[in-house]
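Residues annotated as domain 'DUF4064' in TrEMBL: 2-116. What TrEMBL lists as transmembrane segment is 12-34, 71-95, 102-130.
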Amino acid sequence: MKRTAEKVLSVIAVILTAIGTIMGFLVMAVFNLLRNDPTFKQQIEMDLLADPALSPADVDMVLSLLNSAGGFLWIVIILTIISIILNIIGIVNIWKDKNAKLAGIMFIIAGLLAGILSIPSILLYIAAILCFTKKQPLQDDLQFEDQSYNSDGMRSL
């Protein structure tokens, strides 16, 4: 059975998720460079302390959040990589006309890991719905041949 729509949607989702993962790596690299720069830390701290609405406890909380944001970024990157792997497993299942329901489950899990309402996840949800709803066409193994007709298409009397 041709499942062109599912193939196209899932390949687009893999490409978009891969782009997001690469951007995540770039953001992580820039974040690590800035986080390890003492002048950047001092500048942020001075700017926060200059704000009269923030107390020193608020400034310490913001700085600790900046230090712990790296771990959160790594979790997001790992989840998108797992999403890409599950998406590829689903694509292989569809491409080889194996189990479409398994591919649909993989697409749903990959969509959840890629971000609940991101564009790749929405594409994966649509592909999963198509995997679940499209049915295999009925095939008649019995071919009806009427022997009462001769070769010229006319029936004998």
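Heads up, the Cβ atoms here are built off N, Cα and C, so glycines get one too.
Quantities reported herein were computed from a predicted structural model and do not represent experimental measurements.
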For the domain 'DUF4064' (2-116), jot down how many residues DSSP puts in helix, in strand and in coil.
-> 100 helix, 0 strand, 15 coil
Kindly state the mean pLDDT of the domain 'DUF4064' (2-116) in the predicted structure.
-> 90
